[in-house]
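The following features are taken from Swiss-Prot:
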BINDING   HIS126, HIS130, HIS136  Zn(2+) binding site
Amino acid sequence: MVEGEASSPAFTIDYAVATGDWPAEDVLRGLVERAVTAAAARTDGPLQASLSVLFTDDAEMRALNARFRGKDKPTNVLSFPAPDSMVPPGTPRHFGDIALGYETVSREAKEEGKSFEHHLTHLVVHGFLHLAGHDHETEVEAEEMEQLEREILQSLAIGDPYA
């Protein structure tokens, strides 16, 4: 497992590459920082916080999905918002955790004719929006969240992921 830490302007990002044929660490770090910075600029989330990102495989994603969502299958991205808690002044609060499954992300990118990096960026944005309180349980929520994703990705010169 490869672990590290990076900082976007407002977020300290801890990342871990557990398993999978993920791109190089510097590529992942840059991608996550860009996605988080763009998404944070469009949400009402905290001005400063820490965030953890786990890059893993479908086996671990399946286990996490089963344990926390009751769905015994792998998925592309999972988000785990951190509970609101008191933190000392000047200490960034933990915003939450995002987990990504390599095989599913890779397969979806190929099936949808997207670059792996663009699809991964979309999923990091999607996961971040969940941490910020957005959801897609109803049609109205889904439309609002998808539109916000489009706007964030457009700011990163990435096309509409739903087109």
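Cβ from N, Cα, C; glycine included.
Here the features listed in Swiss-Prot are painted onto the structure.
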residue	record	Cβ neighbours (10 Å)
HIS126	Zn(2+) binding site	24
HIS130	Zn(2+) binding site	19
HIS136	Zn(2+) binding site	16
Fill in the blank from the handout: For Zn(2+), residues beyond HIS126, HIS130, HIS136 with C-beta within 8 angstroms of the site's Cβ centre include exactly VAL77, SER79, GLY127, LEU129, HIS134, ASP135, MET145, GLU149
Completion exercise
In the three-state DSSP scheme, HIS126 (Zn(2+) binding site) belongs to helix
